[in-house]
Amino acid sequence: MSLLLLLLSRSPPAAAGDGRKSDSRLVSEQFSQAPQKLAFYNWYGSARLFHFRVPPDTVLLHWLLQVTRGSGPACSNVETTVYFRYGAPPVINPLGTSFANNTSVQPSFLLKMLQDNASFNVSYPAPGDWFVAAHLPPSSHKIEVKDFIPTCAYIFQPDMLVVRVVEMSILKPDVPLPLVLLSQPSYLKVFVPKHTQELRLELQGCVSNGSLGCPVHLTVGSATLPGNFQKVLTCSDPTTACRLLLPSPPWERWMQVTAKSLAGPRASVTFSAVVALTACRPWTVNLQHLLNSSDQSSNTSTGTPLPSPNTHDLDQSGKAGSGPFCFRSFPILREDMDVVSVRFRPLDGVSVLVQSDMPSVMQLYLNTGMDSGGSLSISVSINQTVIANNTSVVACVTAGSPFLSFNTSLNCTTAFFQGYPLSLSASSPTANLSIPYPETDNWYLSLQVLCPERPEECVQASVLVETTMYLVPCLNDCGPYGQCLLLRRHGYLYAGCSCRAGWRGWSCTDNSTAQTLAQQKVATLLLTLSNLLFLAPIAISVHRCLLVEASVYAYTMFFSTFYHACDQPGGAVLCILNYDTLQYCDFLGSGVSIWVTVLSMARLKASLKYVLFILGTLIFAMSLQLDRRAAWNTMGPCLFAIVVMVTMWVYRCGRRRHCYPPSWQRWVFYLLPGLSMAALALTIYVSMMTSENYYYTHSIWHMLLAGSAAFLLPPRDQHAEPWACAQKLSCRYEICKNHRDELYTVT
C-alpha cells in the first residue's frame, strides 16, 4: 500500500499548479513478479528477464527496483545493470563485442544501480509487452565449484506501478471535439484504422482568456524504449496554425494525445481538436494475378508488369474505389515450423514483382506475443543481369505500418518508428537484414523501383525480387563455435547463443579472443591424451590382483577421454554417444575412482570392501543425477571413505602397538607422493581453473588424479605372486599351493 501512496504522490509532467492528486479520472494499479537470483554476466542466459504487460490508457509507468543481498562475508556492494525495452527482450552487449554482419541493433536503454533501491518513470508508455533484464558485472571467467566456495546471493525484484485514465475522450475523424483546458491536462485518443496513409491533427478556434492564442502543449503517441518517437508540439504563436502531420501512423491501434495548458494555473484555453485521416487504397494481388504473373515471368527474363490497378481492379472490400491505389499488397503465408521458428513466403513461392509506380508491400505477422524471442532474418535479391545500371530497388522494413513515401523521401521512417532501409542494384544484387528480438507487432517489407538519375526511365520498369524471410531462434544457429539454447521465463520463450573456444558476440561471430584451429586441436589432445595416465593405476591394480579397481580406472579413462573429445567446439570434436551421457559417465567414473582407491587403502575384508564398492557407486549415481556439479555430492562420499580408512588405520595402530603402515619406505615413496598429488589436484580443481586455462589445468588434474591412484593403491598380499590374477585367466592346470603356516611338523 505504501508503494501506491508513493506513486500517487508523483505525477506525469504537467504545468505548474497542476492539481493531479485530486483528478478522479486516474486510477493506480500495481504489478509484481517473483524475484530472481542475479548472476555475473557471461552470456545472455546470465541476465534475468522479467515480462510485464502495461494496460491501455496508461499515463505514467513507475518502475520500483530492489536488490537484496545476502549477509555472508562474500557479499559486497556490486553494480547491478537493469535494461528496459518495449515489445521484446532488450538486446544487450555488456562485453562490448561485435555483432554479425547485416545485423541491426538499437542501443539499449539501461540503468545502473549502486544502491539497493532505485526507481524510474516513463510518461505515457505504450501499452503492451514491456521487458526488464538485469545482471551483475561481467564474470571473472573463473570456474567455481558449486557449494564449495562461499558466494553471495543477489536477489532482484522489479515492481511495476501504473496510473491510467478511466475516462478518456475519443477523437473521431473529421468531427471537431470542443475542449477547455484548465490546470489539468486533457487525455484524448483516436483509433487509426488499417490502410491509413496520413493523419492530420489540428487545433482550431483557440482562445485563451478571451483573446486569440493557443498556448497548448501537445504530446502525441506513446513512449517506447530504447527509442522514443513521441511527437511534441508547442502551440504559442497565434498567427500560426497548430497542426501536426503524421505519415504512416501505426495501423489498427489507439493513438494517445495529451493536451496541456501553458497559459498559467488560473487561465483557461478553449479550442476544438480535429483529426483527419487520409486513406490509402491497397491493391491486393490475388491468387489469379500471381498465377498470371508467374506464367508471364517464366516467358521473359525481365518480368512483366502486373495489370494496372487504376483502371479495372477493386479494393479489399470488393467495391470500386474513388481514387487511385497507393500500394500493392502481396499475400504472405506464415508457416510455423517450431518454437520461435517461422517461415514467411509469398503465395506464389519466393518472388515478388516490384514496379516503379507504387510500393509493393508484404505483411509479416509477428504479433502472437511469442515471436519476439527469436531473430528476424530478411534477404532480398535480384538478377543483376536484368536491371539497368541507373535503376535500383529500395526496400524498407518497418513495424506497425509500412513505409510508402519512396517518391518523396528515402529515410525509411514512419510516424513513430525508424525503419531499416535496404537497397538493391546491378552492383549490389543482394541485401540481408537481421533483427534480434523483433518487437511484437505486424511488420512490413516495402519495395519500389527507383531511377534517381533519370526518373522518366522508371515509368514502365519492373523487377522480380526474390525474398527469403524467416524468424529463427538464433542467427545462423550460432555458427560452428556456439550453441543455440532456448530460455524460458514463466511461459515466455526466447533464445540465446552460448559461445565456445574464445568466440564471443550475439551470434558467436566475434573472433577477437578466439582460439585458432591449432590451439583447439592442442586443447583436445591435452584433455584426451592426459587420461592415458590411468594406464598406470590399471597396470598396478592388475599386478596386485585388484581387478575391480582396475575396471573402475579403465571405465574412467574411457569415458573421460571421449567426453572431452565431445566437449570441444568447432572441428576438433568427436562424440560417440550423447553429450549428456558422456558427461554423466565421466563425472561418475571420477567420483567412483576416488571412492575405490580410498577404500582399497583401508585394507578391509574382501566381502565388506566389495559391498562398500557397490553401495558407494549407487550413492554416486543417485547424487550425480540430482546435481552433478554440486561439490558435496562427490566430496561427501569421498570424505566418508577417508573416515573409514583412517578408522581402520588407527585400529591397526592400536592393535599392533606401532604406526600403520609400518614401513617407512611405504610412507616416503608411496603415501606422501600420492597424498601430495591428490592435494595439488584438489587445489587446482577448486581454485585455479578458469575458462582460459581450462584445457591445461584440467589436463593436469587428470594426470594428478591418475598418478595419485597409482601411488596410493595398497601393496599386494604378502603371499600373492605378481600378475597372479592374470595367470588365472589362462586355461591350464596349476599346482595349488598352501601358504598357511604349519603348526606341527612330522619329522
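Just so you know, glycine gets a Cβ as well, placed from its N, Cα and C.
Per TrEMBL, the feature signal peptide maps to 1-16.
Look at TrEMBL and you will find 294-311 tagged as compositional bias 'Polar residues'.
Under the heading region 'Disordered', TrEMBL lists 294-318.
Here TrEMBL flags 470-509 as domain 'EGF-like'. Helix, strand and coil counts from DSSP across the domain 'EGF-like' (470-509) read 4 helix, 20 strand, 16 coil.
According to TrEMBL, the feature disulfide bond maps to C474-C484 (among others). Around C474 (disulfide bond), the C-beta neighbours below 8 angstroms that are at least 6 residues distant in the chain are G374, S375, G482, C484, A495, G496, C497, S507.
If you look up TrEMBL, you'll see C499-C508 (among others) marked as disulfide bond. Just so you know, the Cβ of C508 (disulfide bond) picks up 29 other Cβ atoms within 10 Å once every protein chain is counted.
Per TrEMBL, transmembrane segment is recorded for 522-542 (among others).
Below 8 angstroms of C-beta separation, residues 548, 584, 587-588, 591-592, 595-596, 599-600, 630, 633-634, 636-637, 641, 644 of the same chain, each at least six residues beyond the ends of the transmembrane segment (607-624), sit close to that stretch. Look at TrEMBL and you will find 607-624 (among others) tagged as transmembrane segment.
The transmembrane segment annotation in TrEMBL covers 630-651 (among others).
As annotated by TrEMBL, transmembrane segment applies to 667-688 (among others). Non-local neighbours of the transmembrane segment (667-688) in the same chain are 145, 148-149, 661, 697, 700-701, 704-705, 707-712; each lies 6+ residues outside the stretch with a CB under 8 Å from one of its CB atoms.
Of all Cβ atoms in the shown protein chains, 18 besides its own fall within 10 Å of the Cβ of C484 (disulfide bond). Within the model, the domain 'EGF-like' (470-509) carries an average pLDDT of 92. For C499 (disulfide bond), the Cβ neighbour count at a 10 Å cut-off comes to 24, with all displayed protein chains included.
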